[in-house]
Structures are given as C-alpha cells and as structure tokens.
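Peer 1: Pasting a structure below so you can have a look.
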Amino acid sequence: MKVLVPATTTNLGAGFDVFGLALDLFNEVEFSFDTKETTIESTGKYASDLKDHNLFFEVLRFFERKTGYRVPPVRIKQTCNIPVSSGLGSSAAVIVAALHIANEGTGRNLSREDLMKLAVELEGHPDNVVPAFTGGLVVCYQNGSHLDFEKFEIDLSLTFLVPNFPVCTNEMRKILPEKVPFEDAVFNIKNSCQFLAKIAAGKIKEALKYVGDRLHQNYRINGNKKMKEFVEAILSKNPEYWFVSGSGPSVCSNINDFEGIPYLKDVLKLRVNNRGMIVSE
C-alpha cells in the first residue's frame, strides 16, 4: 500500500496559524504489515537531511496511547521529496502518513476527521496538517479541542526559495513576542480579510497583494542571522509579493532573478494541490 502526502505552506503572511495551503510536491510512503519488526527506510532527494526516524515511531506510539489499539509491526519505505525543516510541512507529512498507516493496521476504525484531530494534537496547530489531509487552501479555527475549517479549491502556481540551512519550528515560536502593537494586529486583520475576500471572489492572483504581515515574520527573520541575510537578498529584487513559508526558512516570492541570493539551495515552482493526501492499494 502507498500513501502520498503533500507539502504544505502556512500563514501566507497575514494568516498566522490560520491559513494553510497544500502543494503538488509529495512524500511517497509505501508500507506493508507482512513483517515481524517495525522498520523505516528513507530514500529520495532530501533523505540525507533527516537526522532520524523518531517522529514516525512517536506518532505510532501516540496513536496507540490515544486509541487503545496496538499497531502491528510495519515495514515503511518513504521517498523524501519535501525539503526537511524548511517550512514546507515535512513534519506534518510524516504525522499524516504515520497516522494513516496506524489506522490501516488497526482496522480503519478512525475517520479522517478523527485522524485530523490527532494530527492537530501532535502538531500543536492545524494549518499544516489539515491541508495535508484535504488539499486546497484551508482556513483553520482551533479553540482548545474544537477544530473547524473551510477549504477553497484554487488554481495557483507559486515559487518557493529554499535555503541550505534548517530552522526548528519550536525555536522560531519562542522568538515571537507575547504582546504586539494594536496597529500591527489591525494591519494583519485587514490583510487576511482582504486576502480571503479576493479568494472568495475568484480573484486568486489579486489575493497575493494582501500577504503583508507584522505579527510574526520580522521577529523570526531578525532572530536568525542567516535567514535575515537570505530574506534581505530576496527583498532587494523588489518582489511584488513575498512571505515566509511556515516558520521558515523558505520564502515564497514571485522573483525570477536568483543571482546573488546567499544560502539558496533549491527553487521549487509548485502548483496548489486541491486533492490532498492520495491513497493507493
């Protein structure tokens, strides 16, 4: 059996912890239960960037604790096509894949919504894992254990600049302030509302004019020397729009001139994936 889990980008600038978008780049995970021991093998372009497979094992054990079901031994082989620790949902892809595998191995007792809630509990916020399940542009709401979302199917291509250094999401969250100026909060509300209004009106490309942010990006950029140099070089190209993908360090921008950008490793031109996770026998 095989499951393909898409890369995701979140926040989209103004929609901090709310907006998530699935992309047409997938980690491919093949699995089989005809084994006596759980093993995980990784191949693919970004496999060498993985430090270990602890997250896979952690998710399988988490599933057992939360559901009471025992996951049988499973042989897992993943092809890593999503950059690791780069703000494109590599951890979310592992979480979603591992939960799907655990559910398959225990009789498919949980619905997609049940798995989604477990994924959000593991990840800590919904904007990566929900679009990985559903595809499309997702607007998420979480209040305690209550999760709600709306999905928009959109036709859009985006360019992501991926640097050659990783960042830790948890560390980048610690950089964020406990309080922000009132006018900064209003700025983000205006942009996020106008972004969604353009999406709802079918004016997809116009929506990208409203990704400006004052709540999280500058704090993260200024808190990491390499990331600051990377973003400043991108901004020197005078892009029409840009935003940090997730907590970084990757950046989405419409520039076409990549000369002189330090640390640049990959340029990924990706379309929105409106289907989400793909399962095949």
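Each residue's number is its place along the chain shown, starting with 1.
Glycine residues also receive a Cβ, built from the backbone N, Cα and C atoms like all the rest.
Not my notes, these are from Swiss-Prot:
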BINDING   PRO83, VAL84, SER85, SER86, GLY87, LEU88, GLY89, SER90, SER91, ALA92, ALA93  ATP binding site
Peer 1: Under DSSP, is SER91 (ATP binding site) part of a helix or a strand, or is it coil?
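Peer 2: SS state of SER91 (ATP binding site) = helix.
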Peer 1: Far apart in sequence but close in space: which same-chain residues, 6 or more away, have a Cβ under 8 Å from GLY87 (ATP binding site)?
Peer 2: THR9, THR10, VAL167, VAL244, SER245, GLY246, SER247, GLY248, PRO249, SER250
Peer 1: Beyond PRO83, VAL84, SER85, SER86, GLY87, LEU88, GLY89, SER90, SER91, ALA92, ALA93, what residues of that chain have CB atoms within 8 A of the centre of the ATP site's CB atoms?
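Peer 2: Checked against the 8 Å cutoff, the neighbours are ALA7, ILE82, GLY246.
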Peer 1: What residue among the binding-site residues PRO83, GLY89 has the most other CB atoms lying within 10 A of its CB?
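Peer 2: Answer by Cβ density within 10 Å: GLY89.
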